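*Asks:* Take a look at this one; I'll ask things after.
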């Protein structure tokens, strides 16, 4: 079965909640995933995107409300797909995420000893980074977020996932960007606008991503800097490179996680919810069997955030990272925090492992959403560390990777979900595995 795009389907009922927080409707076993529809709710829906296996839809008329439904404080933010769980209470969000993780790991690796989810202290305004999109509409730049599964740009009245200061910058840009001549010739080349904010000092980095370089006018730079004193630098980015900078030459921000300060580049990975990250890393640190004799490998180390936490309890931490700029930041961060037992190596993780001549006792990984490659998994299994720590932003790929490690002789001894991204379906996970046959080492 396949429905056509823009088809209206009347009087359907959601029977479940999908992993992405969408209501699941079935017609002759054909699943339709519906935005802002809770289990038990009945509605008329509009098909937005369909293929032979499933479809995505949105509600055009809802006939009843679930007992779990709450008033959405920002309908436009939810419509964009940035806050798909904002229609249920925070306690129900936690229950939804915890139940999903339990079902996933029970079904795939028969593991049931999952600890309760770590809740966040901040239900809103926790993001330190936000990317918004731009679109030329009737010869004017519009700023907002794209509707999920659509090319429709939704202008926002508020941005409740970021700080008030970042929100105010975005709203000011939406109101004033078309008043400056420097933007009139780049309506079709301006792709997106990104703001990054330091939680510790509230400094803001603003950058414009464009397909063709252009110069910001002195008037624009002066006006926005006068309006928002926390903006430290403004960048213009073309093909992932800084081509212009304003207010300062800085392309980095400095933030803090726990007692450590971290400098990171404009395009480096830094945890979105820096307030919750200390708890995440502490969970890992507290559940690994570390001491001053242990040598640790931190793969995908980025700017060294996890490495510095691990170094507190280890003899030596080797951090491996393919992005050279991140490794430069990692080395600077170790020095700035007076950490002397780390070594950061730039290059492909699989190749650079062989440059380490010491026996590795513990491997720690925090991979991208795609998880670990089979080649890297095999490399870990060949190394045979006594322990493996695994932080993941994707329970699906983590489950897949843990299955391979368990089959290779490891035992999963700690698994806990963490809520880093309230109002969304995203879940961070922390796992610790130990080698069953330690005598073989």
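Glycine residues also receive a Cβ, built from the backbone N, Cα and C atoms like all the rest.
These numbers come from a predicted model, not from an experiment.
As annotated by TrEMBL, domain 'TRAM' applies to 2-61. Annotation source TrEMBL lists S-adenosyl-L-methionine binding site at 271, 300, 321, 366. What TrEMBL records for 393 is active site, nucleophile.
Are these features on the surface or tucked inside, and what are their neighbours?
*Replies:* Summarising the environment of residue 366 (S-adenosyl-L-methionine binding site), the number of other Cβ atoms within 10 Å of its Cβ, over all protein chains shown, is 23.
Secondary structure at residue 393 (active site, nucleophile), as computed by DSSP, is coil. The Cβ neighbour count for residue 393 (active site, nucleophile), using a 10 Å radius and every protein chain shown, is 19.
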*Asks:* Counting across all protein chains present, how many other Cβ atoms fall within 10 Å of the Cβ of residue 271 (S-adenosyl-L-methionine binding site)?
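*Replies:* The answer is 24.
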*Asks:* Among 271, 300, 321, 366, the annotated S-adenosyl-L-methionine contacts, find the widest CA pair distance and round it to a whole Å.
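*Replies:* Pairwise Cα check on 271, 300, 321, 366 gives a maximum of 16 Å.
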*Asks:* Per DSSP, to which secondary structure element type does residue 321 (S-adenosyl-L-methionine binding site) belong, with helix, strand and coil as the options?
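*Replies:* For residue 321 (S-adenosyl-L-methionine binding site) - judged by DSSP and reduced to three states - the answer is strand.
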*Asks:* How does the model score the domain 'TRAM' (2-61) in terms of mean pLDDT?
*Replies:* 95
*Asks:* Reported as an integer number of Å, what is the Cα distance between residue 366 (S-adenosyl-L-methionine binding site) and residue 393 (active site, nucleophile)?
*Replies:* 8
*Asks:* How far is it from residue 321 (S-adenosyl-L-methionine binding site) to residue 393 (active site, nucleophile), counting Cα to Cα, in Å?
*Replies:* 18
*Asks:* Residues near the S-adenosyl-L-methionine site, 271, 300, 321, 366 excluded, by Cβ within 8 Å of the Cβ center?
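*Replies:* Other same-chain residues with Cβ inside the cutoff are 269, 298, 301, 302, 305, 306, 367.
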